[in-house]
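Straight from Swiss-Prot, the features:
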{"type": "DOMAIN", "residues": "461-588", "note": "domain 'LTD'"}
{"type": "MOD_RES", "residues": "Thr10", "note": "phosphothreonine"}
{"type": "MOD_RES", "residues": "Ser25", "note": "phosphoserine"}
{"type": "MOD_RES", "residues": "Thr39", "note": "phosphothreonine"}
{"type": "MOD_RES", "residues": "Ser42", "note": "phosphoserine"}
{"type": "MOD_RES", "residues": "Ser45", "note": "phosphoserine"}
{"type": "MOD_RES", "residues": "Tyr249", "note": "phosphotyrosine"}
{"type": "MOD_RES", "residues": "Ser250", "note": "phosphoserine"}
{"type": "MOD_RES", "residues": "Thr413", "note": "phosphothreonine"}
{"type": "MOD_RES", "residues": "Ser442", "note": "phosphoserine"}
{"type": "MOD_RES", "residues": "Ser455", "note": "phosphoserine"}
{"type": "MOD_RES", "residues": "Ser615", "note": "phosphoserine"}
{"type": "MOD_RES", "residues": "Cys619", "note": "cysteine methyl ester"}
{"type": "REGION", "residues": "1-50", "note": "region 'Disordered'"}
{"type": "REGION", "residues": "55-91", "note": "region 'Coil 1A'"}
{"type": "REGION", "residues": "266-408", "note": "region 'Coil 2'"}
{"type": "REGION", "residues": "429-448", "note": "region 'Disordered'"}
{"type": "REGION", "residues": "603-622", "note": "region 'Disordered'"}
Amino acid sequence: MSSKSRRAGTATPQPGNTSTPRPPSAGPQPPPPSTHSQTASSPLSPTRHSRVAEKVELQNLNDRLATYIDRVRNLETENSRLTIEVQTTRDTVTRETTNIKNIFEAELLETRRLLDDTARDRARAEIDIKRLWEENEELKNKLDKKTKECTTAEGNVRMYESRANELNNKYNQANADRKKLNEDLNEALKELERLRKQFEETRKNLEQETLSRVDLENTIQSLREELSFKDQIHSQEINESRRIKQTEYSEIDGRLSSEYDAKLKQSLQELRAQYEEQMQINRDEIQSLYEDKIQRLQEAAARTSNSTHKSIEELRSTRVRIDALNANINELEQANADLNARIRDLERQLDNDRERHGQEIDLLEKELIRLREEMTQQLKEYQDLMDIKVSLDLEIAAYDKLLVGEEARLNITPATNTATVQSFSQSLRNSTRATPSRRTPSAAVKRKRAVVDESEDHSVADYYVSASAKGNVEIKEIDPEGKFVRLFNKGSEEVAIGGWQLQRLINEKGPSTTYKFHRSVRIEPNGVITVWSADTKASHEPPSSLVMKSQKWVSADNTRTILLNSEGEAVANLDRIKRIVSQHTSSSRLSRRRSVTAVDGNEQLYHQQGDPQQSNEKCAIM
């Protein structure tokens with residue numbers, strides 16, 4: 001019995017009893033009398049003494065039992081109170097956790113929606129950029145075509161101008177010939193007028209000579225009539241004289257009559273012969289004078305007629321030449337007018353084309369500026385969204401780490417694949433290393449743990465291109481396979497790049513290719529120069545197309561292209577860096593996460609998709 005009491009007195013308290021034991025509820029007990037005093041003062045037997053000792057021990061045991069029972073009752077009361085408090089706290093924590101979870105899920109849904117909208121906007125922007133790039137290339141091709149047509153039109157204009165100048169020279173020559181012919185015509189007209197006057201004078205002289213001839217003929221006729229009349233008178237006088245003489249002679253001696261008749265006949269014959277001779281002489285003189293005058297008049301008339309015919313022929317030929325020259329001049333003037341009209345039309349068309357091309361270029365530049373502004377704005381918005389998303393992903397990662405820590409502390413082992421958990425943890429660690437995180441305090445709240453059921457990994461290769469230039473010459477485009485490098489002069493002045501070098505490096509210290517431009521190479525405003533590798537089938541057409549003799553551009557995933565001036569200073573560069581974007585998708589009963597990691601040392605992104613599923617599993621935080 002004594003050993004039992006001793007074992008009961010040394011019993012340990014129940015687990016969880018951390019408070020100090022209170023004194024028993026009974027009143028203070030008197031100290032037990034010592035054995036020596038009892039032995040000395042009471043003459044009791046050893047049996048009674050043992051009974052008293054047992055009684056005292058039982059009293060002590062009863063007191064300790066009462067104290068223990070009271071303590072147990074107090075602990076039960078405290079336990080019930082603490083149970084109520086724990087239940088109240090648990091309900092409060094559950095309610096707060098549910099509210100925070102709902103708010104967080106709403107924010108996640110909103111963020112997911114914003115990310116989806118951003119992805120759609122980015123895809124739409126990329127499609128629009130590609131479409132606008134194609135439209136820009138098409139407009140550039142049209143602009144090149146129009147420029148070629150404009151160059152052809154300018155060549156035609158120059159050709160037409162040269163032809164117009166030739167026609168103007170011919171026209172001036174024709175005008176000079178026309179003036180000369182007009183002068184010749186005026187001289188011919190003057191000569192014709194003089195000949196006309198001479199002809200008039202000749203005709204007047206002819207008329208006068210004709211009148212003189214008529215007068216002479218009339219005079220001759222009058223003389224003939226007068227001669228005839230005189231002959232008649234003479235005959236009558238002779239007859240009268242003969243009659244008188246016969247009358248007289250009839251009265252004279254018949255002897256002298258025959259002699260006198262013979263003498264008279266002889267005298268009459270002589271007189272008649274003399275008159276006839278004189279008349280013949282006069283007739284011959286008049287006839288000779290008349291014939292000479294007529295011959296002179298005929299010769300003068302013939303000369304006048306010949307000169308008149310010659311003048312008329314010359315006038316006719318001159319008129320024919322003048323008409324032909326006038327017709328030629330009219331044709332040349334018409335052709336010149338047509339050419340001038342054509343030149344004006346071509347100049348107007350050229351001006352319209354230049355104005356239209358200028359307007360198209362202005363519109364394209366405005367559109368490019370607007371697209372650049374939109375791209376800048378979208379990139380800024382995308383960067384803001386990415387910052388927000390990264391912050392949310394970091395919050396999610398911190399929350400997940402807290403859950404993992406609580407599960408590890410409480411020895412809760414989720415049923416998951418080890419490789420998937422390691423990959424997911426590695427992604428979380430990479431995200432924590434790569435991105436500056438905002439520390440989330442570890443609050444002692446209840447959280448739901450994610451039980452991963454399945455996961456999936458994807459990797460996509462992408463290239464990042466960045467370019468910069470100090471001057472007007474920039475590296476516009478490079479071929480990933482190393483076929484060509486294209487330079488572009490974005491300024492409005494011609495740039496001489498003779499002696500400049502174009503280098504292409506692999507990983508800064510790897511193999512490289514260097515091409516040095518000829519000293520006479522120049523880039524026109526808005527001009528493009530393409531440097532081709534030697535193994536391509538491009539044609540060497542300087543200065544726009546240059547083919548290297550024996551070199552070819554190096555190609556790799558990470559390349560850097562540099563343009564050096566004659567002093568060795570870098571004036572333009574273009575970097576092309578390969579990025580591997582890995583996607584990790586894991587689904588669980590509570591959540592579905594997707595992590596996207598860009599393995600180029602720049603960024604690591606995490607996305608969470610899907611609605612969290614409800615679970616009855618809880619984590620008790622003491």
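Cβ atoms here come from the backbone N, Cα and C positions, even for glycine.
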Residue counts (helix, strand, coil, in that order) that DSSP gives for the region 'Coil 1A' (55-91): 37 helix, 0 strand, 0 coil
DSSP residue counts for the domain 'LTD' (461-588), split into helix, strand and coil: 0 helix, 70 strand, 58 coil
Taken over the domain 'LTD' (461-588), the model's mean pLDDT: 83
